[in-house]
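Remarks on the structure that follows.
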Amino acid sequence: MLHMLFFTVLLFTCAQSQQILVKDPEEQMNTPQIIQYWKYPVEEHQAVTKDGYILKMYRIPHGRSLNAAKLLSTKPVVFIQHGLLSSCVDWISNLPHESAPFIFADAGFDVWLGNFRGNTYGKQHLRLSPNSQEFWQFSWDQMAEYDLPAMVKMALNVSGANHLYYMGHSEGTLTMFAKLSTDKKFAKKIKHVFALGPVSKLGHIKGFFSYLAKLTSTVQLMTSLFGEKEFLPQDKFLELMAAFFCRQYVIQDMCKNILFMIAGPDSRQLNVTRLPVYLSHTPSGTSTRNMVHFGQMINSDKFQKYDFGSAFLNLYHYGRLTPPLYDVGKITVPVSLFWSAEDWLADPQDVAEGLVSKLKTLFSSHFLQGFNHLDYMWGINATEAIYNVIRDEIYNDIVYSADKDVVSPNS
C-alpha cells in the first residue's frame with residue numbers, strides 16, 4: 001500500500017514538474033564510497049561482539065593531506081558514534097567542511113566511524129540471520145554492553161593507541177553513559193566524551209516520539225505475541241522516492257517538516273539541497289524492542305534497563321522485580337555536553353536534571369542557540385559551534401598531556 005501511494009504521487013509529480021533536478025552522486029553511494037568520493041583515505045574493519053554481531057566500522061586514518069598529522073606530538077584517535085535509527089553515513093552526508101569526520105581527519109586525527117547492531121551496516125551475525133526473530137532481540141542495553149566494547153577494542157588495536165576520544169550523538173551518548181557508569185575497566189580506554197544532543201532521561205521529550213511512547217505497551221504486547229521485528233529499515237524503493245520528491249522545490253517544505261516533527265522546530269540550519277542525500281540513507285533501522293525501550297524511558301522518566309513487562313521476567317533477567325537504573329554519577333571520564341533549547345529529543349530540562357546536575361566529571365557544558373536534534377550532525381553552524389570546539393579541546397588536551405607546546409594546524 002505504501003509503495004502504491006508513492007507510485008501514484010510520483011506520477012502526479014512527474015506530470016507537474018517542469019524539470020528533474022540533477023541528483024547528488026552520494027545518494028546512491030555507501031559510506032566508503034562517499035569517503036573516497038571526497039578524496040579521503042578509508043579502511044573497512046569488522047568488529048565482532050561477544051554475542052556474535054558483526055559491525056562494520058570505517059576508519060579515516062588521516063586527511064587529504066598528511067601535514068596536519070605531522071605537527072601533532074600525539075595522533076589522537078577519535079571515535080564517532082551515531083544516534084537512534086541512524087548509521088555512520090549520516091556523519092558524512094554534508095559537504096566535507098561541514099562533516100565532523102572530515103574536519104577531524106584534516107586536523108590530523110585518526111577517525112573511526114562506528115555502527116550499532118541492526119542498522120544498515122550491522123545486519124550480520126556469526127550464526128543468526130536478520131530474517132530470524134532472535135536476531136532482533138536486543139535494545140540499546142546490548143549496544144552499550146557489547147557493541148561499544150567491541151568497536152573501541154578494534155579501533156585501539158588497529159591504531160595502537162591506549163585510549164580514544166569519543167563523540168556520540170543521541171543514542172550514541174545514551175549507550176556510552178550506560179557503559180561508563182557500569183564498567184570502570186572500559187572507562188580507562190576513553191579519554192574524553194563529547195556528547196551531542198545528550199540523552200539519559202526522556203520524560204520531557206516532545207514531538208513524534210512523545211506520541212510513539214503512548215503505544216509502548218501495545219507494541220510490547222504485539223511483539224510478545226508475534227515475535228521480534230525490525231523497525232524502519234533502510235528501504236531502496238522508499239529512499240529513491242524520498243530522494244526524488246525532496247529534489248522538487250514545491251515538496252521540499254514537506255520533507256523538512258517531517259524531520260522537524262521528530263527533531264524540533266526549523267532552526268534555519270538545514271541545507272535543503274542536501275535533503276535527497278540525507279533521506280537516501282535515513283532511517284537506517286533498529287529493533288522494535290529498542291523502540292519499546294525508548295518508549296519505556298519516556299513513560300518512566302528514568303535512565304533504566306529494558307523492562308521485560310512482568311515482575312517474573314525482570315526477576316529472571318535482573319534478579320529483581322524492576323529494571324536496574326543507570327547512575328551517571330559513577331562516570332569517571334571527563335564529559336563535554338552540547339545541548340540546546342530547540343532540541344525536542346534531548347530536552348533541556350532532561351539534560352539539566354539527568355546530566356548537568358548529576359555528572360561529577362562534567363568538563364564543559366555548551367548550551368547552544370538554535371539547534372534541533374539533527375543539527376548536531378547536519379546543521380550548517382555545527383562546524384563552528386561544535387566540531388571546531390571539540391577539535392580545539394582535543395588539541396589542548398594533547399598539549400596538557402604531553403606537557404609541551406604543539407602547533408595547531410588550523411591556527
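Including glycine, each Cβ sits where the backbone N, Cα and C put it.
The signal peptide annotation in TrEMBL covers 1-17.
Note on the domain 'Partial AB-hydrolase lipase' (31-95): mean pLDDT across this stretch is 95. Per TrEMBL, domain 'Partial AB-hydrolase lipase' is recorded for 31-95.
According to TrEMBL, the feature active site, nucleophile maps to Ser170. Its own atom aside, the Cβ of Ser170 (active site, nucleophile) has 26 Cβ atoms within 10 angstroms in the protein chains shown.
Among the features that TrEMBL reports, active site, charge relay system is placed at Asp343 (among others). Secondary structure at Asp343 (active site, charge relay system), as computed by DSSP, is coil. Counting every protein chain shown, the number of other Cβ atoms lying within 10 Å of the Cβ of Asp343 (active site, charge relay system) is 30.
Per TrEMBL, active site, charge relay system is recorded for His373 (among others). Classification of His373 (active site, charge relay system) by DSSP places it in coil, neither helical nor stranded. Of all the Cβ atoms in the protein chains shown, 28 others lie within 10 Å of the Cβ of His373 (active site, charge relay system).
A straight line from the CA of Ser170 (active site, nucleophile) to the CA of His373 (active site, charge relay system) spans 8 Å. Each residue contributes its Cα atom, and for His373 (active site, charge relay system) and Asp343 (active site, charge relay system) these two points are 5 Å apart.
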